[in-house]
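Reading through the structure tokens given below for one structure.
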Amino acid sequence: MANERDLFSAEIVNRGIESSGPNAGSLTFSVRVRRRLPDFLQSVNLKYVKLGYHYLINHGIYLFTIPVLLVVFSAEVGSLSKEDLWKKLWEDARYDLATVLASFGVFVFTLSVYFMSRPRPIYLIDFACYKPDDELKVSREQLMEVARKSGKFDEASLEFQKRMLMSSGIGDETYIPKAVVASTENTATMKEGRGEASMVMFGALDELFEKSRVRPKDVGVLVVNCSIFNPTPSLSAMIINHYKMRGNILSYNLGGMGCSAGIIGVDLAKDILQANPNNYAVVVSTEMVGYNWYQGKDRSMLIPNSFFRMGCSAVLLSNRRRDYSRAKYRLEHIVRTHKGADDRSFRCVYQEEDEQKLKGLKISKDLIEIGGDALKTNITTLGPLVLPFSEQLLFFATLVWRHLFGSKNGGNSPSMKKPYIPDYKLAFEHFCVHAASKTILDELQRNLELSDKNIEASRMTLHRFGNTSSSSIWYELAYMEAKESVRRGDRVWQLAFGSGFKCNSVVWRAMRRVTKPSRNPWLDCINRYPAPLNN
């Protein structure tokens with residue numbers, strides 16, 4: 001029973017002064033019970049730890065074989081005197097030209113195979129995040145007033161949205177498409193969707209091409225991800241047409257993949273760049289808020305109205321070795337986790353029609369629990385790839401000890417029940433956790449044992465720009481760059497999760513100290529952040 005209680009958290013909510021009824025004029029309160037993230041740091045699924053070590057061994061095979069070869073070679077050479085060594089290298093070799101040529105050929109062949117099979121480094125040259133015009137900025141009160149004037153919501157729905165909005169962690173300077181703000185009609189039309197897509201995508205790409213000094217015709221790979229709005233021709237085709245890109249560009253359009261699709265887009269671009277040397281790739285991540293605006297009464301579908309806001313990111317990747325000197329970051333690792341085989345996970349974020357046939361995105365009450373399970377799997381797999389050697393040694397020793405002696409003792413001792421949990425803060429200097437909502441960030445901070453400084457970029461991004469879906473992790477990195485907190489050698493962990501259910505991680509290493517960029521969505525307000533959060 002105690003373990004079951006640990007899965008829930010309770011808070012007292014001030015509902016204000018009662019305006020009518022027997023308690024009119026007095027303060028009223030309610031108790032809100034929420035389901036917490038499972039304490040996944042206290043339970044480790046060993047098969048995912050083994051998967052992480054499998055990745056590590058596959059990529060680190062040279063670290064194990066080269067020292068062995070050096071030891072054998074040193075032992076052989078060390079047993080010879082100076083005269084014997086010279087005799088073997090010169091006097092014997094000059095009479096056996098075939099042996100010398102064969103050895104040299106084997107050496108050249110081995111070296112060629114090594115460099116040809118070695119993955120090309122992927123560099124992040126620059127990125128851009130779209131900042132909408134101020135005329136699209138709405139406060140929480142303005143948004144509720146627009147919702148009330150639309151006549152689409154009853155009082156119960158309006159009250160529910162207001163409660164969600166006030167406890168969301170979102171501030172008063174986020175952006176909503178003009179169609180949603182100004183119109184009282186249903187704005188989920190192809191015309192409005194294309195209008196919003198053009199605004200955010202071209203705005204981000206214009207800034208990216210200007211900052212990187214790369215021409216659109218130089219881009220060989222284009223990946224666009226947008227979950228809800230997927231017209232024909234595709235969003236990638238809209239970009240190619242607008243910028244008149246070259247005819248042999250490799251373009252891809254990802255739809256319906258949720259808020260973690262930005263990392264999936266980077267992973268796809270990485271794989272394509274590995275097969276196409278000397279190329280640029282652009283990854284565009286966005287979501288059409290106006291096209292998915294729900295105007296019904298189903299509370300599980302009203303939740304996205306309170307959280308999702310306008311946003312778009314454009315990222316320029318390169319596999320050209322000459323870009324080493326001007327790149328900001330180098331791609332280190334990508335780990336993707338998909339829980340779609342489980343029915344609850346598959347349906348926890350689900351697009352469908354309500355009883356009135358109004359289309360919306362339905363959010364399950366089990367979202368936090370399902371997200372915690374996916375996150376546990378992801379970080380358990382990622383751990384062996386990123387943790388320092390001391391942490392891995394302790395973790396691996398505990399793992400072996402449990403395997404060898406756990407069964408003999410019946411697994412009843414405290415040391416057998418609880419594995420050693422590594423400190424993930426030792427693996428990264430910067431954290432970009434998807435800014436979904438205040439509640440989710442609270443639970444992630446508690447479970448990952450992150451400091452307020454670690455989670456600052458995520459909280460401030462949620463406050464200033466809201467949940468911008470797959471692009472939110474880039475607004476967070478832009479926040480760090482505006483604060484000039486990224487230095488050479490720093491490791492950045494971007495973590496996002498979305499429908500499916502998926503949880504994805506990408507790790508970057510800073511190639512140089514990143515100074516404050518000339519264009520950045522935070523430049524006009526960075527001096528006000530970190531801002532105090534009262535909601």
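Glycine is no exception: its Cβ is also placed from the backbone N, Cα and C atoms.
Keep in mind that this is a model prediction, so the values were computed, not measured.
In TrEMBL this protein carries:
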{"type": "ACT_SITE", "residues": "CYS259", "note": "active site"}
{"type": "ACT_SITE", "residues": "HIS338", "note": "active site"}
{"type": "ACT_SITE", "residues": "HIS430", "note": "active site"}
{"type": "ACT_SITE", "residues": "HIS434", "note": "active site"}
{"type": "ACT_SITE", "residues": "HIS463", "note": "active site"}
{"type": "ACT_SITE", "residues": "ASN467", "note": "active site"}
{"type": "DOMAIN", "residues": "114-403", "note": "domain 'FAE'"}
{"type": "DOMAIN", "residues": "429-509", "note": "domain 'Beta-ketoacyl-[acyl-carrier-protein] synthase III C-terminal'"}
{"type": "TRANSMEM", "residues": "55-75", "note": "transmembrane segment"}
{"type": "TRANSMEM", "residues": "95-115", "note": "transmembrane segment"}
ASN467 (active site) to HIS338 (active site) - Cα separation in whole Å: 22
Residue among active-site residues CYS259, HIS338, HIS463 with Cα closest to the Cα of HIS434 (active site): CYS259
CB within-chain contacts under 8 A for HIS430 (active site), separation at least 6: ALA457, LEU477, MET480, SER485, VAL486, ASP490, ARG491, VAL492, TRP493
Nearest-integer angstrom distance between the alpha carbons (Cα) of CYS259 (active site) and HIS463 (active site): 18
Site with most surrounding Cβ atoms, counting all protein chains shown within 10 Å, from the active-site residues HIS338, HIS434, HIS463: HIS434
Other CB atoms, at most 10 A from the CB of ASN467 (active site): 26
Rounded inter-Cα distance in Å - HIS463 (active site), HIS338 (active site): 29
Integer mean pLDDT for the domain 'FAE' (114-403): 89
Helix, strand and coil totals (DSSP H, G, I; E, B; other) for the domain 'Beta-ketoacyl-[acyl-carrier-protein] synthase III C-terminal' (429-509): 35 helix, 21 strand, 25 coil
